[in-house]
Amino acid sequence: MRTHARPWWQRALLTREMLTILILVVAWVVASAAVQGFDGPLTITYLVLDVAPVLLIALPMTLIIATGEIDLSVASVVGLSSVTFGLLHQAGLGLWVALLVSVLLGAVCGAVNGALVAYAGLPSLAVTIGSLALYRGLAVGLLGTTAVTGFPESWTDGATENLGESPYPVITLGLLLMIAVFAVVLHATPFGRDVLDIGRSSEAARFSGVDVKRTLLILFVLSGAVSALAGVYYTLRYGSARGDNATGMELQVVAAVLLGGVSIFGGRGAIHGVVAGVLLIGVLGSALRLEGVTVNVINIVIGSALVVSVVAPRIAGGLRVRRRSAAIAPHEPPRFAAGAHGDPDGGSAVGQGT
Amino acid sequence: MSVLSLLRRREAGIALALLVVIGVTTAIQPGFLLSAGGWRDLLLTPSILVVLAVGQAVVVITRNVDLSVGSVLGLTAYLTGRLFIDAPDLPIVVVALVAVAAGTLLGLLNGSIVAFARVPALVITLGTLYVYRGVTLTWAGSDRIDAGDMPRAFLGLGTRQVLGVPVLTFIAAIVLVAVAYYLYTARGGRQLYAIGSDPDAAALQGLPVRRRLLWAFALNGALAGLAGVMFAARYGTVSSGAGAGLELQVVGAVVVGGVAIFGGSGTAVGAALGAMLLLTINRALPVVGIPDFWQRAVVGALIIGAIALDRVLANRRSRRLAAARDAEPPPGSAPPGSAPPGGGPNDAGPDDREEATA
Amino acid sequence: MPNATPTLRLEGVAKSFGPVAALRSGTLIVQPGSIHALVGENGAGKSTLVKIVGGVHRRDAGVVELDGEPVDFHGPAEAKAAGVAVIHQEPASFPDLTVAENIFLGREPLGRFRRIDRRAMREGVRELFRNLGVDLDPDRPAEGLSIADQQIVEIAKAISLDARLLVMDEPTAALSAVEVRRLFAVARGLRDAGHAVVFISHRLDEVADLCDTVTVMRDGEHVSTDAVADVTPDQLVRRMVGREVAELYPKVPSTPGEVVLQVEGLESTGTFHDVSFEVRAGEIVGLAGLVGAGRSEIARAVFGVDRYDAGRVVVGGRNLRQGDPAAAIAAGLALVPEDRRLQGLVTESSVARNVSAVSRRRLARLGILLPDAEARLARDWSGRLEVKAGALDAVTTTMSGGNQQKVVLAKWLATGPKVLIVDEPTRGIDVGTKAEVHRLLSTLAAEGLAVLMISSELPEVLGMADRVLVVREGRIAAELSRAEATPEAVMRAATPGASESESAA
């Protein structure tokens, strides 16, 4: 039997991810040609610095959404981690210790989410809306409306300075490393296979010996820890630890992940698509800003893109399913139009508990 | 319905919690309830959130969610102010109606995408959250509507009281009663529950699922529009950021109020009580000595606690049912040579009505 | 009585799903004012027939008439409108609505301003319940109703529709004695009011107790129709089983080795009780019984996807941690589950991913799993089992049932199991593949694999198994050797009330 039904170039190019990458390239080319100053080195520097937190958080979010769950508390963990980092610094602890404690605290935040979702069986959408408020509340409660500043320059510069003469900030290396790690985990490990299987059919995964609960717990812990890391970065980048840092960023992250081709029903998604999704939002943002367009129009663009990215494959998929079911002998009783949340592929609705 | 079953309802628990919060806070600081200002704030503060929560409850009951309500509120609040500036001759009622109609349209847009493309409402309304907010931001820019731009009669709605009850609270109460009445006594209302309870079965029964979904989202949009008008009247100033982040508070209120996030159950009254509880706790915290910075943390803990509690109750119920199955085995299940457990389940009891029709 | 126009007349009705003929020639004539029993083995085609009557499926051929008028339903709603009410085994009610609302959903009586007239609705339900002789509170939510009461609700709904034909598909499977009597009283009341009732049951004592006429089906065909008074339960059983155990089943002789799987006193509240048995290497043990007797639940608990309340599972002399499928797999257990599309396969995934799903941790080198390794394993095993697919990266959603089952088997055989549990291994697959699966299981057993086979197809169990365990209502009711296991003996042990004489082990 053949290994693949289609030649390699078709498999590589005719994917949902390539569409996002294509749009990214087009956006880049158009912006370089039409927007004054876009192709300058400064644009690249700021692009990387600006998208870094969203990019970091989008990586574990990809895995979580690929299982059919969601974590809306990530931006609050950024805030809480920022405050923790700041307070520990203020208390005179070394920054490495502060970093470690902050990330650990983020992991604990994630573990609370994960335990409630995986082991108590609560819907992740509702749980993480709750913990969004809870973690943000802790952050704001701990620091009030004040801010901690005065981080050593060696650290704040480290977060923003460039690699030698290149336009790329030093953190680019870290980001590339993280992207590589998550890409390998999702696409080339048994764990990554488990993640996608859970998203496609958590019941079938369980019958194949996948520990669904533990997998979900691990993902939420990962999400918390990475969000906390992003929180420390955010603090250093702006030199200020505040309780309201990164408020609302969860929506940007989810939008980027879905733009990158990850299915909200779970079971589908690739890291390169998500990276392209994050960059696309970043490029649009900086291009439009350079054009003097306000953040507002950018929001409209992001929002519309999000809706279209979900609706378009749905319409295409609906046509495909109809053709397929006409061609294949109906072994099962007919499926009925499933109303509100019907998904012909049997994917679970967002946040459906296990 | 007996008093006992009324007390057992989920809503009674929230009402009780609300009373306890008010009671404790009042005991510490009598002015919280027993002063003119305290009484007014108690009723006035939650009125906007109540309207939003009641609308959201209608959507959540159908097993959907609308995250765009904060943006709809912002847009309609700004629209209200804009109309007063640009068309000063329009009567207040017409302005309010236009804002409500705008909200309805925005809700319909959400609803039609969800109902026809059959995609999760979470994603769609997350997208329209951005879009609607973006529209407001673009339209308003850094412009701000101030109290001076709006007629005094309109602003009076935000502060006036009738018989000791703020006008806005009256409006919220009317909305609550109307929606609760619809959900309880209209065929369409009951069908919303059926759709949320089991969408497949609802389609199988031939219910007009799409039409109902459109209607639910439209109603929610209309109420968010109304909330926008109330916002303008209440605060007197509307910036382009009005209502930002409100969606999570609304969803939180609905969940705390016992409307299951997976549809099919909950009431408008519960959602309204949830909204009142959240905001009353917010105001009570500083009184009992907790800095109000901690408000959100308390709200978050409350949301998680409410979902967890609902789950515990549901689990207990299903365990009881499993045990009940064993206590009453099907006929002939007794293994040879062993007596059926717990004496004869076949004994004619009060439930046995064979004689009645035989 | 039999001279009137029959309420329902089906003749020569056929229905195939792909290559599988579920119903070859269904014939059923139901008179008004009678209760008509429809009996037959699992897979005899009763459910398909009911679904055609209820508008869920459309027939391929044959005649369906209601009160002499030919009908052809395009959906359940049309059947309902024509006065056909079908009560399925597990009624679909809306748990959050009240009993009365469930009954009148979409047809609520309206008062002024088009508001639901709850009083009229309540009165309507009370009236219905009074006629049915039941005492349910119309205002209680449907949530938490026993299945029996849910069925009462369905029946009330059916009556309020003024259905001329009521079909009940195994309504008593979940009911207690009291509830069964209540249901029977209702059915008799309907009969006396001139409605036609079709009653499907495995319990022949109930058939004798309740029904006037009985139709036996076998292999998708009509066998006989008699007045209940004219046939004995023994005759019915013989007609239901009917055929010789065909030489379809290539049993390779093997000598059982040591005990590999040992189950002791397994207990799960509400599901099964005190289940003990053992399976030896090289032997095929059949787990027979009626649908809903608890066979699949036992298998799931043994494999660890469900938890149990007491007892233990021992594999190869070692206690197995409960609720841990990974541990079960490591100990050498494999489970080919009942629901292939939901549990057996990740249908959205490719053949290669499915075949390697359980083995992938073993395939990984330094934690990295290369697609090549997956493809190699998948090519090897799908070759051995002759899986027919366009390519290894073809998605399994579109494959035939037989090919899907081969993928599931390949997945588990690739793990090198010591015990293979197969749950309905040939359900919904074509005859050719069926024989392949049987040959495979037989060969595997001869090579020393311990096989536990759950099947609702009696010939399959009798043809394949060295030993048959009969499960009845969550308990092992009998253990029969290959020689003792006649169709009659198995059916008798499996059917509550079929016979007083127990062939207990």
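Using the three backbone atoms N, Cα and C, a Cβ is placed for every residue, glycine included.
Note: TrEMBL annotation is automatic and uncurated.
What you see is a predicted model, and the numbers here were worked out from it, not measured in a lab.
Marked as compositional bias 'Pro residues' by TrEMBL: B:329-343.
Positions annotated as region 'Disordered' by TrEMBL: B:320-358.
Here TrEMBL flags B:12-35 (among others) as transmembrane segment. Cβ atoms under 8 Å from those of the transmembrane segment (B:12-35) belong to residues 6, 42, 256-258, 270, 273-274, 276-277, 280-281, 283-284, 287-288 of the same chain, restricted to positions at least 6 beyond its ends.
Residues of the same chain lying 6 or more positions beyond the ends of the transmembrane segment (B:42-61) and with a Cβ under 8 Å from any Cβ of it are 22, 32-33, 69, 73, 121, 165-166, 168-169, 171-172, 175-176, 179-180, 183, 192-193, 196, 216-217, 219-224, 226-227, 230-231, 234, 246, 249-251, 253-254, 257, 259-261, 263-268, 270-272, 274-276, 278-280, 283. Taken from TrEMBL, the feature transmembrane segment covers B:42-61 (among others).
The transmembrane segment annotation in TrEMBL covers B:67-85 (among others).
Distant neighbours of the transmembrane segment (B:92-115): 64, 66, 68, 72, 75-77, 79-80, 83-84, 121, 124-125, 128, 132, 151, 153-154, 157, 209-210, 213-226, 228-229; these residues of the same chain sit at least 6 beyond its ends, with a Cβ under 8 Å from one of its Cβ atoms. Taken from TrEMBL, the feature transmembrane segment covers B:92-115 (among others).
Taken from TrEMBL, the feature transmembrane segment applies to B:121-141 (among others).
The feature transmembrane segment is assigned by TrEMBL to B:162-184 (among others). If one looks beyond the transmembrane segment (B:162-184) by at least 6 residues along the same chain, the residues whose Cβ comes under 8 Å of a Cβ in the stretch are 39-40, 43-44, 46-48, 50-51, 54-55, 57-58, 61, 190, 192-193, 219, 223, 226, 230, 233-234, 267-269, 272.
When Cβ-Cβ distances below 8 Å are used as the criterion, the transmembrane segment (B:213-236) is approached by residues 44, 47-48, 51-52, 54-56, 58-59, 61-62, 64, 66, 69, 72-81, 95-96, 99-108, 110-112, 114-115, 145-147, 150, 154-155, 157-159, 168, 171-172, 175, 179, 188, 192, 195, 242-243 of the same chain, each at least six residues removed from its ends. Per TrEMBL, the feature transmembrane segment maps to B:213-236 (among others).
What TrEMBL records for B:248-281 (among others) is transmembrane segment.
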